[in-house]
């Protein structure tokens with residue numbers, strides 16, 4: 001597949017969750033792997049090795065790279081995913097949040113991670129960061145009182161190097177950027193879609209799982225999600 005000179009892949013968070021991740025979960029649109037390949041990016045690979053493994057149409061990108069990551073076997077057995085590589089580990093930072101559609105529906109969840117070299121708790125923080133997205137399954141019948149379901153089979157990860165300069169997500173058209181700025185207003189406040197220049201206080205990964213457990217175990221409805 002040939003693309004025009006200057007082609008860049010600049011999806012919004014809504015597009016990442018509602019189109020790309022949902023199609024991956026449904027097993028459709030295999031052509032998406034030309035821009036977002038399936039790759040176990042956590043314990044198999046170091047972050048600096050990921051750019052060369054980007055999608056075929058995105059190998060020239062120098063700012064951000066996207067991957068579908070399958071659920072680990074230990075997650076399927078009820079445990080927590082491993083975030084450790086040979087040289088370091090990914091650590092959750094800030095607070096997890098919801099991803100919203102343009103019509104203010106909750107469509108997914110997002111958490112941000114930073115890569116540390118070494119072993120916890122004495123690792124050295126690097127500039128490699130990641131946004132991990134998971135989809136929330138839409139209700140087939142909006143009139144049926146059933147809790148939304150978080151999909152675990154695949155997550156979609158955006159990897160980038162933190163920079164003080166304006167980057168791809170920050171340079172989207174004003175309307176798209178303003179809309180994206182509200183997509184992660186979840187557990188405790190909002191965060192910009194780009195997130196490259198946003199440095200929230202580090203938090204335990206327990207915050208993310210607490211949010212997930214509340215979603216799945218306590219039957220939070222769509223109206224309650226939209227009020228958070």
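The backbone N, Cα and C atoms fix where each Cβ goes, glycine too.
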For the region 'Disordered' entry in TrEMBL, name the matching range from 156-177, 178-199.
178-199
Integer average pLDDT (0 to 100) for the domain 'NAC' (3-162):
87
